[in-house]
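What TrEMBL records for A:12-111 is domain 'HTH hxlR-type'.
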DNA sequence: CAGAATCCAACTGGATACTG
DNA sequence: CAGTATCCAGTTGGATTCTG
């Protein structure tokens, strides 16, 4: 875009829809968790940690609807359900994984930035929008009560 | 990972924190909107559309705390506030933009998958988790009341 | 084990009014 | 214009209980 041009937000809207799908609080975590192959419901739940059964079920259902994962029921006793990435899901995994990697690689920088910010604005109060930001104020976070993610 | 290995979710947790930060409903939109340079509050609001002033303010504040954007106040009358990506923000933009691009490029495939799913499960009800999924059921979506995003 | 259903507190975010 | 403060309805999601 050359300076002077008016930036036309042409195809912005449609993307927002999809982003809402893949930008859910847990979507990235789930999809990256399925990176290495199919996984059972309980495995996912345990690996992710901090997600309730209700929400995990709902999120998986949504991922299924959007064609990112398949749901395979094995009618044994006890029953067994496996979730696996579809081709579409595996493709989405690529950029999502990049985000995940970035987050892992730059965690400390963000933490530092946050620390610096609060040193300069001692009385600033972290706004809560959208999903919870688990680390919020607390400088460090060897705290293991936080949600999960990564690669 | 070789088969037989137990997948160790080593550094999963910390990343989740960061993901929560950048995975907010509007974060991706805002950051990609700042791609081409600084932008005023009202510009952002208009470009994004569908975001309330309260939430935009809060989200920007959070981005600022995390070191992704700077906030520059020009004490004129009327006042003027510009937001701009920091170095950290510009780095984050890279993977985030990739996600955005992917969403744009694959919108139709997701829509098709959704359509197919609902044809097979006529009585399925889209679960609502996390942020709203604006397109939900409705087959197509030339509907322009949806949120925003993209490149 | 996987998940559906119910209950309910907590939080979110929109609308509105007001300020510098 | 940019933002804060307040009010408040709607939604979310955790806990719990129950089923095949």
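Any Cβ shown, glycine's included, is placed from N, Cα and C.
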Residue distribution over DSSP helix, strand and coil in the domain 'HTH hxlR-type' (A:12-111): 67 helix, 14 strand, 19 coil
Across the domain 'HTH hxlR-type' (A:12-111), average pLDDT on the 0 to 100 scale: 91
